Every structure is written in structure tokens, then in C-alpha cells.
């Protein structure tokens, strides 16, 4: 059996890759594996399938002899924070993050609030493989009561990260993309004194991430044009990532956030070895500018768990991804979009600078082009010979690397596509190189018989 775990837990379309039976087995396997007898914390985003999967997982946990606490709809980072705070045995988040509504997923956290290790994944996988049960969706799904007190504990923890700094006088627009941030983003920013407007703020599992949120910034840009604001923040479905927009509609992505936040820490002598951790997707303009001010950028494979591992290994205090996953020491390196948005707002208020001017002081990004080549098959399921052939082609293309040009190619961890990233100092070079590489790689992939 192929591993059910990808780069960020278990992910797939509901009733296809992610079934009621699989969710039940995950709950049972987790409960059976844990020696710690404290309850398992469970949360979910707003997807329609979330409540059904919650029912399945809790059924499995119950039959394993363990107990659970239902947090209800919540941001993913609430789970790891509360595991540590309440001394719980582990946690599960039911979410497919930024993916469309028909997808869902299962993220598992250990007793330290960290994503489980490969060894732990293998233990769960083994129990699932040995199970012969095929559990069907019950005719009636009974809603489970959510623990509101724990959610309030998480909200208070975010407010406390502001160290008493008020956001009064700041006009901020939030796009909660019909997802997890709908539960608390408005409340948090308003409690800090900000003048807040929120769009896409209903808990709608059919609309989550659809033409909104951190992967589609047009609704937020439009809102800022129509209702002038100092800044805006757009979250993804489970609120573990965020992208900012300044008053002029310019984008503050994860690279800009890392540069600006990192520079603040560097100036305060709080950035260990002047080191930032990011991934192979980080913009070359970011890397070059960071080096010019004395910083070091360490790149990892794509995925916040790889960033997290490198942060621990290199003893860094800040890292993240261009997509808006930012991991900081403030909350034990758990990506939290609301926390990140609060910190950006706090710096602007303390420095008495608008986000537009602060963003101008960062770096000029190189033009980038990201192309997805549809594979029609799961790359990880290819036979070794064909996989080696494609890997060799990728290596050859990626040798094109200098201060002015870079190519990065990888199979997606969540979709059957090959991602081709090309960046250079001008758009013409990017377009021509991207077209050349994409066409050649497509022909190589098309030769594969699987």
C-alpha cells in the first residue's frame, strides 16, 4: 500500500482519496499508538465534509479506548498551541488548507504540538494496512459540541503577542475566505483597536478558498480600492498562512514578510546568525538583497515541515515560505496567519510607518513564472526506472543557476502536477526560458509509460 501521508499530512478529494473509512482508521490507529492517556484535540475548517470526517475520526478514537476534545471550526495553529498549553496527548486538524472545497485532509500533531515524524506516520500506516474493516458513512451524522473555552484561550494568546501594543488608528481589511479565520480574526483585530472590515467572512464550506483568500488576492485588492485602508491581509482556508496587501494594492508575500521581520530582528540583535530559513521557491531577489545586508538564507525543500526541521537544526528563530507560511519563535514555530498579520501590523504601528513605505524598503523581486505540467499519474508511484529518467531531466534543467537566473522543478506533494519555477532579472528571459524548459520537460514526461 502506497503511503497515505504526503508533504503535509493526508490530503485528497473527499469520498475518493479521503473516505469515511480511512478517517475512522486514522482515528483508531492514532488512539491505539498513543501511550499518553490524555485526550486528543480535534479541530476542522469549514468544509462540508469536515463534520463527516470528524464523526469518523472520533468514532475510531472512541473504539481505541482514548478520549477526545472537539475544538470545532478553528485555525490549524490553534491545535498545536492548545496541545502544549493543556498538556494533551496529540491533535488532529481536518483541513485541506488552501485546496478547493471538494478536497479535505488530516494533519496530525504530537504531544509537543509538532507535526508527527515519519516514524510515527509509519506506525499509523501499519495499523491502517492491517485493518480489514470498511466503515460506511452513517445515515445520520450527529453534531459534536465544540469547546468554546479552549478557543478563547487561543484567541487570548494571540492578543498577548502584541505586548500591549494597540492597533488603534489603523484601517485593516481582512479576507477570511469563508474558512477557519471567520471564527476569530475580526474579534482579535477589533479587540486591539483596529478599524476592521472583513470580506468573505461567513462559514461556508462550499465557497472556502474559491476565488478568494491567499491564493486569489483580487477580492482583497478590490476591497482596498473601494474602501481605502492602511493594509489588508488574506488568509487561506485553515488560516495557517497569510498574504498582505498595502494601501496601493502591492503584494506582501512570505518573502517580503521574512525580509522585513527578519531585518527588524537583526537590528535588535535577536536574529541568530542573521539566518532566515526558506524554501527553494524563495525569490532570488529576496536572497540577493538579504545577503547584501549581511544575512544568510538557507533553502529547504518545499513544505513548512522542512522549514520547521531546518529551523530546529540550524537554531534559527524565523523561517517560512513565499506562500505565506511563517514560522517564528513566538509560538514555537507553528505557522499562524493571524499571528503573522498581527506582527506586521504591530511593527507598522510601533515604527509609525505605513505598510506601503515599509514594503518599498525591502527588495525588488525577480520576475517569476510558475507553470504546472499535468502528469495524469502519481509521480511517487512511477516505477524506479521511469522516475530516474525524469529526475535526471530535472537535474539537467536545474543546473541553470546564477545570481541573475534560477530554475526549480518539483512534483507537487498534493496534486498530480509537476511545478516548474523560472526566475530571472527580466520578464523576457523568464518567458523564453520557461517556455523552453516546460516544452522539453513535457516531451520527456510524455514518453513515460506507467
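Each Cβ is built from the backbone N, Cα and C atoms, and glycine gets one as well.
Less than 8 angstroms from the CB of residue 236 (Mg(2+) binding site) sit 97, 98, 177, 179, 209, 213, 214, 215, 242, 324, 337, each of them six or more residues away in the same chain. As annotated by Swiss-Prot, Mg(2+) binding site applies to 97, 236, 238, 240.
Under the heading active site, phosphoserine intermediate, Swiss-Prot lists 97. Neighbours of residue 97 (Mg(2+) binding site), defined as other CB atoms within 10 A of its CB across all chains, total 29.
Taken from Swiss-Prot, the feature phosphoserine applies to 97.
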Those residues of the chain, 6+ apart, with a Cβ under 8 Å from that of residue 240 (Mg(2+) binding site): 75, 76, 77, 97, 304, 325, 334, 335, 336, 337
Other residues, Cβ within 8 Å of 97, 236, 238, 240 Cβ centroid (Mg(2+) site): 45, 75, 76, 95, 98, 179, 180, 235, 237, 239, 241, 337
List of residues, in chain order, with Cβ under 8 A from that of residue 238 (Mg(2+) binding site) and at least 6 apart: 45, 75, 76, 93, 95, 97, 179, 180
